[in-house]
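Asker: As listed in Swiss-Prot for this protein:
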{"type": "DOMAIN", "residues": "315-604", "note": "domain 'Protein kinase'"}
{"type": "CARBOHYD", "residues": "N79", "note": "N-linked glycosylation site"}
{"type": "CARBOHYD", "residues": "N151", "note": "N-linked glycosylation site"}
{"type": "MOD_RES", "residues": "T474", "note": "phosphothreonine"}
{"type": "MOD_RES", "residues": "T479", "note": "phosphothreonine"}
{"type": "SIGNAL", "residues": "1-28", "note": "signal peptide"}
Amino acid sequence: MRCLTKTRSFHYVIIFYSFFFLPFLSSSSDDQRTTVSGLFCGGRSKSSADPNYIPTFVEDMHSLSLKLTTRRFATESLNSTTSIYALIQCHDDLSPSDCQLCYAIARTRIPRCLPSSSARIFLDGCFLRYETYEFYDESVSDASDSFSCSNDTVLDPRFGFQVSETAARVAVRKGGFGVAGENGVHALAQCWESLGKEDCRVCLEKAVKEVKRCVSRREGRAMNTGCYLRYSDHKFYNGDGHHKFHVLFNKGVIVAIVLTTSAFVMLILLATYVIMTKVSKTKQEKRNLGLVSRKFNNSKTKFKYETLEKATDYFSHKKMLGQGGNGTVFLGILPNGKNVAVKRLVFNTRDWVEEFFNEVNLISGIQHKNLVKLLGCSIEGPESLLVYEYVPNKSLDQFLFDESQSKVLNWSQRLNIILGTAEGLAYLHGGSPVRIIHRDIKTSNVLLDDQLNPKIADFGLARCFGLDKTHLSTGIAGTLGYMAPEYVVRGQLTEKADVYSFGVLVLEIACGTRINAFVPETGHLLQRVWNLYTLNRLVEALDPCLKDEFLQVQGSEAEACKVLRVGLLCTQASPSLRPSMEEVIRMLTERDYPIPSPTSPPFLRVSSLTTDLEGSSTISHSTNSTTTFNTMVKTDQASYTSSESSTTRTI
């Protein structure tokens, strides 16, 4: 009974703290760059089970706070039965009070990882990490480094170019810190002060490569072992990026000290709570899981975190299969010997619960040979994990666009991939228990099994709707170049948006060229294929790697041209003119099935088409052709103007 009374009393203290202190922390977090960009928890070890581990951790955090009063960087290590090493780095443009405040927020958030033996947290103004070994000179790590992209999309292609330029420029600044802002793009780069110049350079060069994968989004962040790089379409750093670190006990510093002290109190309370919960899980903890636990509490979908941790060798770098904007995928071997793919999720938005369970809810109950099967998830460990069937080969884009792999796929295999993807989409649109729109069909989301059969993956953006509805109205999300025009302009989502994305995919597979690859003489891929179609020279658009096969296999070249026509049908400007996926399958498989003549895709000015591709100077095209909707063709079937583009463009 005494134990129960203490537990309840402790919960009352936590509640009191939450209502009294947290409003001050959250109210300040909008201006002082204390938004959490990423929290990464390591595995558990014998040292983290030591009774002295959490008290040592609390002492380390307090010592860092004292050191941070005179500078923006500090390290601390306490040697007891369990050694803990910690590092804090504020960005060089932060004032003393903002640095203290950022650390106060970080040290209240990072205990969420306890009792993990390691953790790191990135805020927009500082970085905090602890380990059981000395890590201060580490620069990069393929297993731990991550990046994140915002959800909202920028439609101006010049923005992506400016991001690449600005990020590269800020990364070469000397001294381990730099900011830059030009043409609506602002960037900040920061190395930890414990790194040498060469290690800093290596870390930031990798960071630049990572944020370049976000260039179509308004913001991107690279969160590496030894550095941080962020870009945005608005200025987020202070002044010119430099702030002298004077120790002045002004109002801001006093507020920061008070908040830091309160954070320290919270740490002590939290440490006590962790120790108590290691002995016994209370009923209150189970109720906090609420609907989440009840929904996935059957043995078929629920995995223990410890099982997946061991299956991946504690998320070993050697088991890493790939990395994306919202997590890293590892190969796992279950106790029964079965191979699975374990996705270790990174949540950096307030809507992470919706993002996580959207994918679980939609695909846990559907099965098709051309859809990656979700086997289950883990939600009660220090981080959330998704478990998929293991698909041994890489994604389609690595076969098509990697020069060393581009000749691996012959035409027969490419046609099989196109047909399999079509069958998977047809199942989602009408054959599954609910109608599902994928919203992000692209080459990197089509995986290939050991027989090079396609499997559609990544249902994080998918949406379902009832049979009685004609469309959904929603903010846009997806990948530029693959998104249907009516969806981008009006926010109206139907199955025909997936059909458009599929059409782009077909053109990429048959031509061996990325949709966003721009050639000054011929424009983007969609422009080039359409121009050649109007000139009756469609064969020139096909991948040159297939030329020898077309010469050897009679009829294969004509078949490939037929597939290109189907791709053009799917990318027509008007959704009503695009075929359904069932019709696409019939066009691809039935020799006598009629294939209509396609109308012009969006983004093109039909009157500017020339009768001779070789006279490139007479071809008019817009460099914004795949992303700017104010310059679209006006045809009898579709008209898109700026007056229609008032849709909110975020999820």
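Note that Cβ sites are derived from N, Cα and C of the backbone, with glycine treated the same way.
Locate each feature and note its surroundings.
Answerer: For N79 (N-linked glycosylation site), the number of other Cβ atoms no farther than 10 Å from its own Cβ, over all displayed protein chains, is 9. DSSP gives N79 (N-linked glycosylation site) a coil state; it is part of no helix or strand.
According to DSSP, N151 (N-linked glycosylation site) sits in a coil region rather than a helix or strand.
The C-beta environment of T479 (phosphothreonine), restricted to residues of the same chain at least 6 apart in sequence and closer than 8 Å, consists of S216, D440, K442.
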Asker: Check the domain 'Protein kinase' (315-604) for me and report the mean pLDDT.
Answerer: 85
Asker: Measuring Cα to Cα, tell me the gap between N151 (N-linked glycosylation site) and N79 (N-linked glycosylation site) in whole angstrom.
Answerer: 43
